[in-house]
Structures are given as C-alpha cells and as structure tokens.
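Report on one structure; see the data block that follows.
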Amino acid sequence: MARVLVGVKRVIDYAVKIRVKPDKTGVVTDGVKHSMNPFDEIAVEEAVRLKEKKLASEIIAITCGPAQSQEALRTALAMGVDKGIHVEVSGPEYETLQPIHVSKILAKIAQNEKIDLIILGKQAIDDDSNQTAQMTSGFLDWSLATFASKIEKGEKDVTVTRDIDGGHEVVTLKLPAIVSADLRLNEPRYATLPNIMKAKKKPIQKLSPKDLGVDTTPRIKIISVEDPPTRQAGQIVPDVDTLIAKLKEKGHC
Amino acid sequence: MLSRRIGKQFCGHFKGSFGRFQSTLVVAEHNNETLTPITQNTITAAKNLGGNISVLVAGTKCGPAAEALSKTDGITKVLVAESDIFKGLTVENLTALIVATQNKNKYTHILAGASTLGKTVIPRVAAKLDVSPISDVIGIKSTDTFIRSIYAGNAIQTIQANDPIKILSIRGTSFEPATLGSGSATIEKVPVEGCDTQLSEFVSQELSKSDRPELTSAKVVVSGGRGMKSSDNFKILFDLADKLNAAVGASRAAVDAGYAPSHFLVGQTGSIIAPDLYIAVGISGAIQHLAGMKDSKTIVAINKDPEAPIFQVADYGLVEDLFKAVPEMTGKL
C-alpha cells in the first residue's frame, strides 16, 4: 500500500473579487476570505478515495505559509487526511516564496516520509503558476503526469488519464510518481461536523524551511502588480439584425 | 580609468539592449505531421529577446516540422531529435533532451508555448537546472523582466528574474505568430543517447476530430454556457459556428453539466483565447471564464438575464432567449 502526500495551499477564495493595493506591491489579502485552493481539494479527495479503496496506507497533507495556512491543513484533515505538516513561512519571505521553494520542501518531505505517490492541484488560483508538481518531479527525478482526470493505481505503477489540448491521453507512470489534479478528477466531499471535530485531534507537525535545509532566497523581484486594462463599456443592441449590422461594420462577418 | 568605466557601461548597455550575447532555445510543438501554431507565437516572443534563436524539434517524425521551421524568419538553427523514445513525447524524456541540449549549448533563455505540453515540461526542465521558471508570459520588457497575469487575469504582475538562465512559457495569444516562408535556418541532428528515462510510458491518445478551426487559434469563437440546457442544444451553436467558420467553446458550467466535452473549456482552468470575435451564448461571465476570453477583440453576449456580468465586458449585448436569437442569427448570416 502506498504512502500518499498531498499539498494544500490557502488562497483567497475563488469567488472573491480581488483588489490591487494602491502602492502596486501586490493584492489586498488582509480581511479577505481565504479557503483551500480548489485544485488542492480535488487532490485531497483523490488521496482519501485511494485510502478508502485500500490502495493507500497513510495520507499526509503539507502546507507552506504563515500561521493561518493551518486552516487549509485542518480542512484536509477533516476530509480524511491522517496527519498534517506545516512548514511555516511568513512575512516578506512568504511574499517571494515561489513554486521552486515549495517544490524543494515537498521533495524533502517526500524522501523523509518515504512517500510513493504525491498528488497536487494543477495550479494555485492566486499565482496561477502551474509549476509545483512538475518541479517537485524534477527535483526527485520521479515520473510525472499533469492535468489528471482519472488515476488508477496498480501495484508498481499508476495509470493516469490526462486532459490535453484537443482531447485526452493515457500514460502509465512507474512508482514513485507525481500527479497533478485537474478539475474533472473528482467531486470533493464536504467535511462533516463530526469529522471537523475529529480533525482537531489529528497531529500537525511544524517545521521551517531551514529544518529541511531548503534555501528560500527570492529568485524573482516583484516590480509591480497592477489592475488589468479595463474594457470600454459596450452597448446593448435591440435585436439580431442590429447585432449582425454592427458585426458587419467591424468586418467580423 | 574613466575610459574603462565608460567602456564597461557601454558593454553593459550593449548586452542589455541589443541582446548581443543572448541566445534562446525554443521548444517546438508538433504532432509529427504539422507544426502547432503556438510555436510561431513563441518564436515571436523569442525575437523580442534579441540574439540567436535555435528551435528544438523532438518526436518520432520530425521532418515536416523541421522543414517548416527552417524557413521561418529569424531562426538560426533547427535542432532535430528524431527517435522512437519520443513516442507520445513523455515529459521525462523530453526534459532529459532539453537539459542535455542546454548543458551543451548554454542558452540564456529557454521558451515554450504555454500549451499543455509547455506547461508540463518547462517547470520540470527549470527544476533540473535549479531555475525558477516564469509561467504564461504575456509581455517581455527586457531580457530579464517579464509580464504575466495572476488571480485569473484580475491583476498584472511585472517581475524581474534573478536566475542566470530564464525559462519561460509563453501565452500564445499575446504574441503575433512568426511567418513561415522566407528564412533559411540550418537543420542539425542532436544526439538522443541518455534521454530514454523509462520513467513513464505513453499508452494512448484520443483527439476529438472536428472540421472546425482549433479553439486556441480560431479567429471567431462561439461559446455556450449553462443556459444551453443540454448537449443536444449545442447543435445550434455548431450551426452558427459553421456559418462564421468559428471554433466552439464552453464555460465551466456547461462542461461540468456534461453539455460539452472538457477540451471546449475556455477560462482560467481551460484554454485562454483572444479571437477577433467571441460570442458568449448563455454564459453568465464568472471571473474564471472571463480570464480565458477577455482579451478578445470584440465580445458579443447573448443572454436573457440583463444582470449577467458578461454584459460588463461585452462590446455588443443582446438580451434575448438564446434559443430564439441564435437560430435567427444563423439564418440571417
């Protein structure tokens, strides 16, 4: 049976309309609703399903971030994860924390915990990087499948259906392996109240990047964060004829 | 001493502005028959960096793509890695090839289009070279300063990369395609020894067949949302699309409800497109959807709900029942 690691990130809730800070250094995060990155919920759900099918022995969830990041871990524990690891990174160090740093942390944890399968969300909806699974696979030299819509675990391998441009493809990965979850992989469960209560008793181990020997020196300098250009307000047309006339005027048809 | 300082300054300036010492490797994407259009957009991005451009073509059959690339303007060299180990172009083998090519030729920049392939391989290559990659670049300010969008396109970030090698994936719709035709790049074979990692195996691939243009490169796109109510109803969009020679897309709601296949998806989690004309039918316009289409030149929304957020970005909005408006439009075009 496999030992599974899932990564979770606390991000601004997907339904929140974000605001750029007036000084252009980033977006406003204080007092804004946060929740677990939606793709990570899918990763957690898949891991829990593997355990329910007796294909996984233990599931560990890891998060990197400030103290509040533990909320994401508690949610994962309430969904059925066995234990949490919180790698605390805060302040300016967190602001320039990139997938390269997180991947190195994940790679270290995977080795320390003798993990067989890592499942991560395909991207975080804040930085939209879509890098961490790929980079972790590079650091560990493990097999990789991104954008998974189906995962079938075998004895020594895992077969993954991936969403690709224009269709889908199937690959078989040698274990240990890393898979990133796409939205279609599953429908994450809601944590029930009894499980939320139980999750409070589950262990969370606290570490720092230093404990793991990972250097978090910034690799990038954020020069500015600005609002995207706004579109000119359009017009409501009364009927199909006017619409077609307007489109013809613009040379679209 | 003064002259030395000026000399040094000049050198620095020269390097920065003219890209004298820049050399870029572009990872080409193709299907063993034709070059994928996003490669041409990526070549334009590479040209913005200045310096020499080499393009790497890997696959089981590289002839057609290499031929097309050798005639592309602005390319110095086409590197060809043709082997059965690139069947299905598994990320582990492709990464090994790119890293070996980089270690031999020492490029300052490595670029690929931000397609499924580019998004998958670029970060793995970056990890192997201990570099922090930059995803989905929409603008190039200088050889080390790049623009990208975050939070589903709701903020634009300008960042300076500190790593010695810059490894980027390029958003195709943000750069014009490089023209194929008049160049004369040399074609060179590259060794593939040591690139067969045997870490994963390609099993099968299923691409949906369609006579319509491909979603990410189509000039016109017609998309349906939850308001379509069923997959059968998508037929009225196909009819309209055929009249306009358009590709067909869908919102997350339509895909989740099973009305449209997943590769139709336009949005933060699907394709990011910027056609000349985007017609959103029965789509409310959630931020995740807008992230995928708001750079379209002209946006048309057809929706019976006048409060739908899509009308805030639409150039032309029609508040009407789509089941009446769409067939009427098809009939009158």
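Using the three backbone atoms N, Cα and C, a Cβ is placed for every residue, glycine included.
Unlike curated entries, TrEMBL annotations are predicted automatically.
Taken from TrEMBL, the feature FAD binding site applies to B:Arg226, B:Ser251, B:Arg252, B:Gly282, B:Ile283, B:Ser284, B:Gly285, B:Ala286, B:Ile287, B:Gln288, B:His289, B:Asn303. Within the same chain, residues at least six positions away from B:His289 (FAD binding site) with a Cβ under 8 Å of its Cβ are B:Gly225, B:Ser251, B:Arg252, B:Val266, B:Gly267, B:Gln268, B:Ile283.
Summarising the annotation, TrEMBL assigns domain 'Electron transfer flavoprotein alpha/beta-subunit N-terminal' to B:24-206.
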Maximum Cα-Cα separation (Å), residues B:Arg226, B:Ser251, B:Arg252, B:Gly282, B:Ile283, B:Ser284, B:Gly285, B:Ala286, B:Ile287, B:Gln288, B:His289, B:Asn303 listed as binding FAD: 18
Of B:Arg226, B:Ile283, B:Gly285, B:Ile287, B:His289, the binding-site residues whose C-beta sits under 8 angstroms from some chain A C-beta are B:Ile287
Sort out for me which one of B:Ile283, B:Ile287 has the most neighbouring CB atoms within 10 A, since those are the binding-site residues we care about. B:Ile283
For B:Gly285 (FAD binding site), nearby residues of its own chain (Cβ under 8 Å, 6 or more apart in sequence): B:Ala301, B:Ala308, B:Pro309, B:Ile310, B:Phe311, B:Gln312, B:Val313
CB contacts for B:Arg226 (FAD binding site) [other CB atoms within 10 A, all chains]: 16
